[in-house]
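Report on the structure given below.
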Amino acid sequence: MASSEPPKRPRPGPWPPAPESAALPPSSWAKRTGFRPKFSGETNASNSGPVTPQPRPKEPDTRLDLESGRANGEPEAADKVPTMPPSQTVKDQAAKRRRDSDSGAPPKSSAPAGGNGAVVPAAAAAPMSRRQARNDDVVDVLPQTVDDDGFMSRQSHLKYELRDKPGLVPIGLYGFQHYLSMLGSLILIPLVIVPAMGGTYEDTSRVVSTVLFVSGMTTLLHTLLGSRLPLIQGPSFVFLAPVLAIINSPEFLGLNGNVEVVDLNYYFEEQNQICLTLQNFKHIMKELQGAMIIASAFQTILGYSGLMTVILRLINPVVVAPTIAAVGLSFYSYGFPRVGTCLEIGTVQILLVIIFSLYLRKISVFGHRIFLIYAVPLGLAITWAAAFLLTEAGAYSYKGCDANVPASNIISEHCRKHVARMKHCRVDTSHALKASPWFRFPYPLQWGTPVFHWKMALVMCVVSIISSVDSVGSYHASSLLVASRPPTPGVVSRGIGLEGLSSILAGLWGTGTGSTTLTENVHTIAVTKMGSRRAVELGACVLIVLSLVGKVGGFLASIPEVMVAALLCFMWAMLTALGLSNLRYSEAGSSRNVIIVGLSLFFSLSVPAYFQQYGISPNTNLSVPSYFQPYIVASHGPFHTTYGGLNYVMNTLLSLHMVIAFLVAVVLDNTVPGSQQERGVYVWSEPEAARREPTVAKDYELPFRVGRVFRWVKWVGL
């Protein structure tokens, strides 16, 4: 018998209803205000205990606490809970489904969850995807969040990820644009150091071809047996300053009267510059080869012995950021002074690269941001074409004057007045393309047997440590873009060890510098959205083939010096910015980090200036150009002991900006108290956990089951 009693209605709640903020935890203040802390990859466990009713929180105080780098009322680092925007939740679930599919786990529900774990209806998910699409068009690198395992979530906006194997055409296309966007990093260093050594245009062409060959070979080795990340290897700017210091050593310039190099033929130009002959070029190159081989052997031992895992504890974003930034800032005395030799060409080059990379960066053609990706080659091509038209039109031709005649042989006062303009503005003064053969195979010891001196080798050993610091930052940043997890400390050591072997090959072939991970890799991956290992390997093979064509090296060696200087201004500025961008993994607003970075950068400029200016009076008539004066400190530095080699090492090392920045940063960051989140300590994957997760093992394990054979060796990685 059915009951006639009416159904009971739910008891109404209190009126007026409690505000939404009363039902949210205190950490949701970040959602409502838009504040998002930067995490470096570590999670902070919340305190466990009995559940107690939470009182209604007070209105948060939005005033900033300058000491801790956060707003008043925000939880401490130990109590802070990572918040995840809804648009990121959908993206992280897709990454988790991929991990589940690799491990064979059954897929979970694909309904997108909100920030508090509730299921988001389809009507709400659609605006999220639209907002996410708009954000992808605005920013090049998406915001990074922390996943459930405590690591930075992998970027899912890449067109091809680390282990993707698309067809040959997509791989070739994206690999080509990847290498073309890094053209400046690969070829500009030889265009600076070879003329400084007194080499001819033909020598520059040979060195450029050798650099392309070694870069392709070492990139293949690194993607197969190194960190296995899609990172291009090449001549890093980290080696440029010490190489210039060795080139301008007193025994090569004859500044101290004790000339150790015999059979050198010097001739003087109007600016009192000593230009070295071919014999001196080969001798300096052999000195650089010897120093590079010893330093690279040291770096190899550092990586394969496992010592790098110990040094990793001292290397954090607050150390990496000022060290790499100091590398770019150290060349301020070379950049624009060289551009000033032909302002109408150099400034146009700089402005074009700035316009392409900034003002036109959002313009897409067939889905590719050609102006952002190809800013450097496009700016170079347009400026080179304009300079060629001006040269052919006679803008830099003067009656009775020949740009190919040495300045010391010019008698006419009219020609002496315009010789510098003809030399730097004309594009037909280089004969590298005409003199280069069609086919040339770079071979080891092509310049002769390397010469070993301990003082130069010791300088390069210290520089190899700075290069390793640079590579550690690149490994961490690139792994967050293309891989499922950061590498293990063993993988990092393996990569550093292989970089040492790569630099040994560079020393044997005679590139003039070492071969290491280029800092610009991270920016290139974020811009081209290409993280496939196969594309980088195919590009490396193409690079090796191009290096065998002598005309390619001759064409690149014929780039006018003023355009090289203009491109270097942009590249060094980019290097500085990329170095400072490592601070996003730490609390950049913390007064602790601000002071450490500020002190590191300031002393990295001021201390070398003291060494470079010591003992030089305003009336000193130096025999080197003004842009090379910072690199002759070994002849007049403040260290004067009875041991000449020790004087050379100390005066040279303490005049390098990156060395001072590294010493100040590593001491302060590891002695000044600070939480892990505030410092942004790099968190690497644990080896045991990496072996259990199939995606991490597939990302970093060595090919052909090599890792399983040598699993007992820690530095193999997994």
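Every residue, even glycine, has its Cβ placed from backbone N, Cα and C.
Any TrEMBL annotation is an automated prediction that lacks curation.
From the options 228-247, 288-307, the stretch TrEMBL describes as transmembrane segment is 288-307. Of the Cβ pairs linking the transmembrane segment (593-611) with the transmembrane segment (338-359) and spaced 6 or more residues apart, fewer than 3 are under 8 Å, so the two regions do not touch.
It is 648-668 that, among the stretches 179-201, 338-359, 371-390, 451-469, 648-668, forms the most Cβ pairs under 8 Å with the transmembrane segment (314-332). Residues 371-372, 374-376, 378-380, 382-383, 386-387, 420-421, 424-425, 560-570, 627 of the same chain lie 6+ residues outside the transmembrane segment (338-359) yet bring a C-beta within less than 8 angstroms of a C-beta in it. Listed as Cβ neighbours of the transmembrane segment (451-469) (distance under 8 Å, sequence separation of 6 or more from its ends, same chain) are residues 236, 238-239, 242, 245-246, 249, 283, 286-296, 298-299, 302-303, 308, 311, 315, 319-320, 323-324, 327, 496, 499-500, 503, 514, 516, 645-646, 648-649, 652-653, 656, 658-659, 662.
The highest tally of CB pairs under 8 A with the transmembrane segment (535-556), across 179-201, 207-225, 288-307, 371-390, 562-581, is held by 207-225.
Here the transmembrane segment (562-581) sits apart from the transmembrane segment (288-307); fewer than 3 CB pairs are under 8 Å, leaving out pairs fewer than 6 apart in sequence.
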